[in-house]
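Let me begin by presenting the structure, written as structure tokens, before commenting on it.
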């Protein structure tokens, strides 16, 4: 009886923690597309179906953009409100944050625009005064208490409902986009819990950002919406194209940088990025940014909290301090990656990893206790970056803008360089302390069991360093105008140096040092700040930081975490330079037992079931006979199990002694023998093969470019062995003097 004419549910799908077969998935999609195209000529209904199938990708991008933008707006508004809740509450309406509360007040002066009778600090509510030591202690206590409450809720929700909602999510998304399957990582529970706990984690005042996790949130939206469309639900390769576009939408709403989002997806997270995905990513990022702009979460008609405009052009000499900031960014990036990975490894290998709630509460308590006395650590990191990027105007009341005014008129609305006042010197000391705290505490925060992004803390470290250097340069230019380096371009009473620009360049340098982004980083930074003419300083800093960081360690933070977690990710950027051959890597080795194979027409159902139960392999080569070892094809373990189970239920007479045929035609059976089971339909008749003398650099290239799961090794047409993706990764690790057993996902 011919079996498997109808496709069986489950055949062609994958188990959890397995790698997809890109070649098979692409081939199936081409077959599906060919069938729809051929049918479209037969009837109007089929033509409509063909058009809707072609349009479904764009509709899906529209939905992903709308959902990602809406969730990002919700997260921004909620985080802003809950961050302010640590310091006080609005009596005019508890749902207003500090800024919105004082907007509607009639008792606000311009100098003290953050003070209004409607906004009450906790000491005013509890002991009816805001003056004195006791009021300070009450505010301090409430600040720490709220921080601990938010952090406890975040870690508890993650631990109980969605363990996959912790971390930034980018290392796992890179791995998933390379073809690995982690079921539930992009599921609805993960989306709900990540959205809620991200708000809580950011509001707790910990040194983390929401930008990385927003990429995870957008990818969850993409994965969930894929289930509404047959084309993407049933094809893992097509779904990964959607996830690449969703990652672009995530960065688009995180930074208000749609083009930067597309480039980030291309440069940093995507494994396979065809031109069609580029256009769709662009559309998804556009819709997401438009949705966020419509919500207007910051009330400034901008997509980001730290949008700035600088008015002074930069000068060629300033490239020297910009490159110094690049060197600082590279050094900080390399230091951070080494120390953070060492701490995360300690967490994985010691008792520390068993107590995530206690760890989060201890780090939160230390952060909150050290942060409250210093106004720059007490404010949210986004507000701090906004303050550091700011170009001082006449009406600025910030300490960073407390200069001595020794002029009568300002030229064209621009302020000349001025000597620093008491406020600036005080702010410099506070910023230096903030820098030390941020550098140290971020190492222990990233990787805890709560949603934690790294973009904002890295940018804060760079922005502080940049602002300190910028103010130093500004004062140097003011007091030593006669120096050769200044007198050619900086005249008396001119606005020569913009400290905010140095902060921006420093932020880009540190973010580049940690993530090793270059092109996408520069585009994100100029989209953030609207500073097109500052592309060259940004490029110089980003490139320098990458060179310095690469000299001290090849991996970016996300690649380092992929390796730490043992994900089977084949890095496309690294060259394989060793002179080994396929026969050196294939299984079985010389003294190993023979390769487990199936024969095409001589094994019973019982024989195959015994092999399945005694081995854990993901698939089996099929040969003509054990003697000849001539290769016929390759069959996946999961497909075999599902097909045999299905045949036992639905096909009459299939028993343990029934013979399984992988051939086109089965020979006529003698009477009274049980019916045969034909499984040719699940056999891959064109498995990828290489000869035993193929250099490993070619094999590695084939695995990277085709996204293979396994490759069979032959000699004169006879099957010798098999090389899996895991074997390739182990071999690369061995050649780099690393532990090859670390490539086993746990």
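Backbone N, Cα and C define each Cβ position, glycine as well.
A TrEMBL annotation is a machine prediction, not a hand-curated record.
The model shown is predicted, which means the values in this text are computed figures rather than measured ones.
Among the ranges 294-313, 394-413, 454-473, 474-493, the one that TrEMBL lists as transmembrane segment is 454-473. Matching 242-266, 267-291, 542-566 against TrEMBL, the residues noted as transmembrane segment span 242-266. The range from 109-128, 169-188, 189-208 that TrEMBL describes as transmembrane segment is residues 189-208. Your range for transmembrane segment, going by TrEMBL and the list 13-33, 34-54, 55-75, is 55-75.
TrEMBL tags one of the stretches 217-237, 427-447 as transmembrane segment, and that stretch is 427-447. Between the transmembrane segment (454-473) and the transmembrane segment (316-337), three or more CB pairs separated by 6 or more residues in sequence fall under 8 Å, so the two stretches touch. Sequence-distant contacts of the transmembrane segment (189-208) (same chain, at least 6 residues past either end, Cβ-Cβ under 8 Å): 71, 74-75, 78-79, 82-83, 85-86, 143, 146-148, 150-151, 153-155, 157-158, 161-162, 164-165, 169, 214, 216-217, 220-221, 224, 363-364, 367-368, 371, 378, 380-381, 437-438, 441-442, 445-446, 450-454, 456-457, 460.
Residue counts for the domain 'CBS' (682-742) by DSSP state, with H, G and I taken as helix and E and B as strand, are 26 helix, 18 strand, 17 coil. Within its own chain, the transmembrane segment (501-526) is flanked in space by residues 251, 255, 257, 259-261, 263-264, 266-268, 308, 310, 312, 314, 321-322, 325-326, 328-334, 336-337, 385, 388-389, 391, 454-455, 458-467, 469-470, 473, 532, 534-535, 537-539, 541-546, 548-550, 555-558, which lie at least six positions past its ends and keep a Cβ under 8 Å from the stretch. Just going by CB pairs under 8 A, the stretch in 55-75, 316-337, 427-447 that sits most against the transmembrane segment (242-266) is 55-75. The average pLDDT the prediction assigns to the domain 'CBS' (586-650) is 87.
Residue counts for the domain 'CBS' (586-650) by DSSP state, with H, G and I taken as helix and E and B as strand, are 24 helix, 17 strand, 24 coil. Same-chain residues lying 6 or more positions outside the transmembrane segment (357-374) and placing a CB less than 8 Å from one of its CB atoms are 139-140, 143-144, 147-148, 151-152, 154-156, 159, 204-207, 347, 430, 433-434, 437, 441, 444-445, 448-450.
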